[in-house]
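Participant: What TrEMBL lists as FAD binding site is Ser24, Glu41, Ala42.
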Amino acid sequence: MAENHYENPPLTISKIGIIGAGVSGIAAAKQLYHHNPVVFEASDSIGGVWRTCAYNSTKLQSARKDYEFSDFPWPNRDDPSFPTHVEIVDYLESYAKHFDVLKFVKFNSKVMELRFVGQQGTTQLGGNGGAYGSPLPGHPVWQIAVQTNGSQNLQWYAFEFVVVCIGKYGDIPKIPSFPHNKGPEVFQGEVLHSIDYCKLDKDAASQLLKGKKVAVIGYKKSAIDLAVECAEANQGPEGQPCTMVVRTLHWTVPHYSVWGLPFFLFYSTRASQFLHEKPNQSFLRTMLCYLLSPLRRGVSKFIESYLLWKLPLLKYSLKPDHPFEEDYASCQMAIMPENFFTEADKGNIVFKRSSNWWFWKEGIEFDDNTKMKADVVILATGYDGKKKLKTILPDPFRSLIEYHPSGIMPLYRGTIHPLIPNMAFVGYIESVANLHTSELRSMWLARYVDEKFKLPSAENMLEQIYKEMAVSRRITRFYKRHCISTFSINHGDEICEEMGWNSWRKRSWFAEAFSPYGSRDYRLKN
């Protein structure tokens with residue numbers, strides 16, 4: 001890395017910059033190791049949301065062997081229990097140390113601004129095979145302003161290529177809008193977002209919840225975990241019930257087994273994904289999908305029948321109106337904590353269905369004209385990942401983040417925005433195992449940067465993206481999440497083919513058809 005002095009501003013010049021040292025940032029840094037990337041991490045450690053946005057009780061929603069890097073297995077990968085957020089951070093740190101990635105990371109270094117200093121014409125549609133020419137043009141294309149250790153002075157860096165890995169979660173909370181004079185300002189109790197709650201230590205969290213009338217807004221994984229922590233803090237005669245305010249129901253599962261069959265058989269094998277539509281399929285395949293649609297719906301009904309038998313969803317009016325496969329296709333299936341319904345049976349967790357709600361001075365008011373008193377309201381309403389990007393990206397790229405009207409960020413192979421040159425985004429497309437998804441895309445990205453293959457033209461990349469969006473729109477009403485879970489193997493096939501790898505990764509046709517795909521299937525090069 002060389003020091004170069006410009007009039008405004010002085011720059012530290014390097015080839016590749018990576019923003020964020022969470023799962024995606026560490027995966028990208030490892031794959032781009034030979035380019036000596038500079039990794040900017042705003043906090044004092046790696047781990048991303050596992051470090052900064054985890055509750056005391058937060059656990060992974062899958063087994064260890066389904067959440068590991070292809071070349072770095074968990075030491076106890078056959079342990080059937082789900083690892084805690086502490087164990088996950090330890091695993092990520094072990095991985096980073098093993099592959100000597102930490103030397104690239106600049107901790108307490110918050111990216112404040114990006115400037116594009118390349119050719120403006122590179123944002124135009126078109127191109128002769130490669131979208132923007134070389135990904136490493138030999139001169140800086142992006143400048144990055146970094147605030148270190150809270151200093152008021154910014155240090156500027158310049159890069160030929162930038163990889164953005166700040167993710168969709170954490171940092172910027174998504175806050176509901178309220179009618180005039182019906183927002184948090186009229187409430188006499190305490191209002192906080194789940195991002196504020198996860199910063200509390202165990203004692204402070206218990207103190208906040210114990211003996212209080214708590215309302216948790218939401219019914220996704222973070223809200224469910226939060227309700228359990230609230231119930232556990234309110235055991236005994238002085239305890240108060242926790243009320244979950246539920247707007248949209250989603251299917252939850254107790255474990256990865258359905259009527260004695262392993263869950264992967266239904267969605268994670270080539271045979272099972274053959275039932276589902278995928279981008280770029282032939283007319284014959286389209287007709288087969290149509291003819292097999294009763295079987296696909298039957299699989300969803302089969303799983304629903306087990307969940308209704310195993311969990312008291314009907315008792316608490318928690319049965320969603322939409323099919324199970326729509327939640328799976330949008331990566332919204334959550335594992336239910338073992339003691340969730342036990343606490344509900346004891347009256348420590350209660351449920352309130354409501355499409356709209358707002359504050360009054362003593363609590364919450366609902367659209368059915370009922371009110372509830374509350375001391376604490378916790379908003380488990382998600383995060384605004386796109387706003388995070390818009391705060392650092394310059395115009396005109398800021399306006400390109402969302403594809404209207406879907407609001408989805410258009411990314412080719414879940415990584416390259418066709419209209420933003422010399423930049424990649426890792427960790428913005430969802431699947432059942434996001435670590436595996438990030439690692440595979442980082443492998444692909446490294447080979448693209450090394451010019452092992454050329455990108456299609458911007459028009460062709462956009463066409464591919466629109467095909468994926470169209471598939472998602474047809475299979476789930478929650479398509480805006482940009483999840484590839486029902487065609488993840490096909491997605492991996494296309495990435496492998498582009499890298500020049502054999503897309504069939506198993507050792508036999510039987511395993512290829514009926515065993516699940518995971519990160520270790522991509523550990524061998526072809």
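Along the chain as shown, the residues are counted starting at 1.
Each Cβ is built from the backbone N, Cα and C atoms, and glycine gets one as well.
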Participant: Max Cα-Cα distance in Å among Ser24, Glu41, Ala42, the residues listed as binding FAD?
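Facilitator: Site span for FAD, by Cα atoms: 15 Å.
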Participant: In the same chain, which residues outside the set Ser24, Glu41, Ala42 have their CB within 8 A of the centroid of the CB atoms that define the FAD site?
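Facilitator: Here the nearby residues are Ile19, Gly20, Ala21, Gly22, Gly25, Val39, Phe40, Ser43, Ile46, Gly48, Cys165, Ile166.
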Participant: Note down the number of other Cβ atoms within 10 Å of the Cβ of Glu41 (FAD binding site), including every protein chain shown.
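Facilitator: Around the Cβ of Glu41 (FAD binding site), 26 other Cβ atoms lie within 10 Å.
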Participant: Enumerate same-chain residues with a sequence separation of six or more from Ser24 (FAD binding site) and a Cβ-Cβ distance below 8 A; give 'none' if the list is empty.
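Facilitator: Listed in sequence order, they are Gly48, Cys165, Gly167, Val426, Gly427, Ser438, Ser442.
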